[in-house]
Amino acid sequence: MTGVEREATRARGAAPGFKVAILGAAGGIGQPLSLLMKMSPLVSTLHLYDVFNTPGVVADLSHTNTSAVVRGFLGNDQLGPALDGMDLVIIPAGVPRKPGMTRDDLFNINAGIVRTLIEGVAKHCPRAIINIISNPVNSTVPIAAEVLKKAGVYDPKRLFGVTTLDVVRANTFVADVIGVDPKMVDVPVLGGHAGITILPILSQATPKFTFTDKEVAYLTNRIQNGGTEVVEAKKGAGSATLSMAYAAAKFAESCLRALQGESGIVECAYVDCEVTELPFFATKVRIGRSGIEEIYPLGPLNAHEREGLEKLKPELHESIQKGVKFVQNPPAPKS
């Protein structure tokens with residue numbers, strides 16, 4: 001021991017940058033995501049919140065020699081302090097999907113968790129950019145919107161469902177097929193974030209490439225079922241945690257760069273928009289200092305993609321309505 005009090009060793013939040021909170025920081029996605037955000041030079045203060053094991057995660061991460069200051073918050077009564085003054089809130093909280101679990105099973109557990117966390121955001125940092133990762137995203141983003149509306153603080157420009165993992169998978173799988181570096185590939189992925197609601201627009205892929213019907217079928221199926229591929233490969237020991245953390249950090253970094261004033265930042269995300277008749281849809285958006293600055297139209301679709309678009313709408317509509325009704329007509333508590 002040096003005799004130096006730990007509290008006095010360093011000015012809190014001394015590094016220039018933004019204040020970021022991760023809600024669900026001790027989970028399978030939360031831990032690697034916390035590490036990646038601790039490594040970001042754009043983060044000055046990193047608040048890690050969970051209902052278990054946050055002190056251990058904070059102790060571990062605090063030993064890494066990057067400039068962000070890490071603070072931990074444990075349990076429901078520390079949610080407020082975790083959120084006070086945050087610029088960006090990332091929410092991976094909830095249970096992961098396990099073999100045999102449906103999205104409905106996930107909804108029944110995660111919907112209430114997301115509602116509680118967003119109530120905290122509405123009260124303590126209503127102007128923060130919100131990144132929702134908790135599945136099923138097709139329903140949890142509408143839940144967040146309804147909670148924020150009830151609190152009178154809803155700004156659709158600041159609420160994002162993170163679908164970046166679908167884009168990351170699409171870029172990786174397309175690169176494998178055409179034989180290039182994945183970093184050179186950009187495939188827009190529209191729609192939602194589950195099964196057939198995930199619509200990769202291969203006709204708009206960069207670099208331009210003419211795929212065979214067989215390649216289109218293979219790529220579309222693999223991109224739509226990438227999460228299931230990982231769940232089955234892990235044999236009940238988890239879901240897509242590392243790739244999701246990577247994708248979430250990538251999207252969060254784009255949000256922080258936009259907050260800093262960088263221009264021309266375009267990402268696919270699941271947002272409140274009017275690109276279709278559905279109230280939420282994943283599409284390309286340009287992000288700026290105040291959140292979404294521009295929502296791009298779907299662009300030209302080929303016959304296969306138009307067919308996929310029509311197929312996904314009923315399922316996505318149902319998922320959206322399920323989220324809305326959960327807040328507007330909450331289920332009766334179990335006796």
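Just so you know, the numbers here start at 1 and follow the chain as drawn.
Glycine is no exception: its Cβ is also placed from the backbone N, Cα and C atoms.
Feature annotations, courtesy of TrEMBL:
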ACT_SITE  His193  active site, proton acceptor
BINDING   Gly24, Ala25, Ala26, Gly27, Gly28, Ile29, Gly30, Asp50, Asn110, Ile133, Ser134, Asn135, Met244  NAD(+) binding site
BINDING   Arg97, Arg103, Asn135, Arg169  substrate binding site
DOMAIN    19-161  domain 'Lactate/malate dehydrogenase N-terminal'
DOMAIN    163-327  domain 'Lactate/malate dehydrogenase C-terminal'
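When the recorded positions Arg97, Arg103, Asn135, Arg169, His193 are compared by Cα distance to Gly24 (NAD(+) binding site), the shortest distance belongs to Asn135.
Over all protein chains present, the Cβ of Ala26 (NAD(+) binding site) has 22 other Cβ atoms lying within 10 Å. Each residue contributes its Cα atom, and for Met244 (NAD(+) binding site) and Arg169 (substrate binding site) these two points are 10 Å apart.
Cβ environment of His193 (active site, proton acceptor): Asn135, Pro136, Val137, Asn138, Gly161, Thr163, Asp166, Tyr270, Ala282 lie under 8 Å away, each six or more residues apart in the same chain. In terms of local Cβ density within 10 Å, Arg169 ranks first among the binding-site residues Arg97, Arg103, Arg169. The Cβ of Ser134 (NAD(+) binding site) has 29 other Cβ atoms within 10 Å, all protein chains considered. Across the residues of the domain 'Lactate/malate dehydrogenase C-terminal' (163-327), the predicted structure has a mean pLDDT of 97.
Taking only the Cα positions, the spacing between Ser134 (NAD(+) binding site) and Arg97 (substrate binding site) is 10 angstrom.
It is Gly28, among the binding-site residues Gly24, Gly28, Gly30, whose Cβ has the fewest other Cβ atoms within 10 Å in the structure shown. A gap of 16 Å separates the Cα atoms of Ala26 (NAD(+) binding site) and Arg97 (substrate binding site).
Residues Arg97, Arg103, Asn135, Arg169, recorded as contacting substrate, have a largest CA-CA distance of 20 Å. Around Asn135 (substrate binding site), taking its Cβ as the centre, 26 other Cβ atoms fall within 10 Å, counting all chains.
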